[in-house]
Amino acid sequence: MESSRRKTKCCSLHTVTFLLVTLFLVLFGTGFRILGSSMLGSRQAGVGKSGELDGLQAVEPSRMVYGQPKVLTPCRSNVLVLTPWLAPVLWEGTFNTDVLNEQFRLWNATIGLTVFAIRKYMVFLELFLQTAEKYFMVGHRVTYYVFTDLPADVPHVPLREGRRVEVLKVPGALSWQEVSMHRMEMISNFSQQRFLHEVDYLVCMDVDMKFCDHVGVEILSPLFGTLHPGFYGAAREAFTYKRRLQSQAYIPRDEGDFYYAGGFFGGSVVKVLQLTTACHQAMVVDQANGLEAMWHDESHLNRYLLDHKPTKVLSPEYLWDRQKLGWPPVMKKLRFVAVPKGHLDIRGS
């Protein structure tokens, strides 16, 4: 009798347990189906007929056919193509423009270009913009930021679709040295105020130049610098670094990777903001101590890029002076070159 009662209780307990587990599974399964349907519905509701996602447009990658990279065949054997910290050094023949353009097309990046046209340097701006429209970031969105004390004199140059000129008025300077000294400060200030909200990358260039060949998205990187055409083959002891120990730009003779040109550098807006802010602050400290680097912002740029290695390095193809240096065989292309000018006339104004 006692055994029968125990069996009855045991069966009842098993039955109740079974019913509770079944109820839990039913409720859980129903809830999961409702949640799944809700999520799927949300995804479907956000996708329009054209593939637009609530303000974002889905871009379909296109099929590309191009030559296979050859692991055992170096793209260039007569020049350095990779730094010791694994940053690419860009030369003609080391990249595929079509592949890179497709990658950046999918991202739909916007590039800002800063240029200073102060006083008589305004004479170079029209040719700069005309040649930029022909060769600079073709097929991509570009904003030209023109820093000038003469906004009424900015030329009207026909622009491709998705490209515009923004004139940023700045005080007139007495000399090109003062422009050089304040350039980092102005780029830093406007990066905080505007550039961070308007563009993805910032490219900073000299105005007394012209584009002669393709300069595109291959240069874009978190932080890049350009090899100075006068020192790309020189030993570090010959670099015109600031050698005075008390200066914030000081680099000893047994240090230094390359000598970078002040006329072409850039990167993401955040990285350019960090660079220009640091260089400006260093120049302020030097000025307070009665010091001035011979090459002004370029000297401080070199100190910064020694401490903060660039993620890409542009070869001298991207900054050249054909009048002074000719066209050596190692340069398969000259992309961005100096415009012949009378330095005393322009810089003395």
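Note that Cβ sites are derived from N, Cα and C of the backbone, with glycine treated the same way.
Copied over from TrEMBL:
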- Glu298: active site, nucleophile (ACT_SITE)
- Phe116, Ala117, Ile118, Tyr121, Asp206, Val207, Asp208: UDP-N-acetyl-alpha-D-galactosamine binding site (BINDING)
- Asp206, Asp208: Mn(2+) binding site (BINDING)
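Taking the Cβ of Tyr121 (UDP-N-acetyl-alpha-D-galactosamine binding site) as centre and 10 Å as the limit, one finds 24 other Cβ atoms among all the protein chains shown. Across the residues annotated as binding UDP-N-acetyl-alpha-D-galactosamine (Phe116, Ala117, Ile118, Tyr121, Asp206, Val207, Asp208), the widest Cα-Cα separation comes to 11 Å. Cβ neighbours of Asp206 (UDP-N-acetyl-alpha-D-galactosamine binding site) (same chain, under 8 Å, six or more residues apart in sequence): Val115, Phe116, Gly262, Gly263, Phe264. The number of other Cβ atoms within 10 Å of the Cβ belonging to Asp208 (UDP-N-acetyl-alpha-D-galactosamine binding site), over all protein chains shown, comes to 23. Between the CA atoms of Tyr121 (UDP-N-acetyl-alpha-D-galactosamine binding site) and Glu298 (active site, nucleophile) there is a gap of 19 Å. In sequence order, Val115, Met122, Phe124, Leu125, Val179 are the residues of the same chain, not among Phe116, Ala117, Ile118, Tyr121, Asp206, Val207, Asp208, whose CB sits within 8 A of the CB centroid for the UDP-N-acetyl-alpha-D-galactosamine site.
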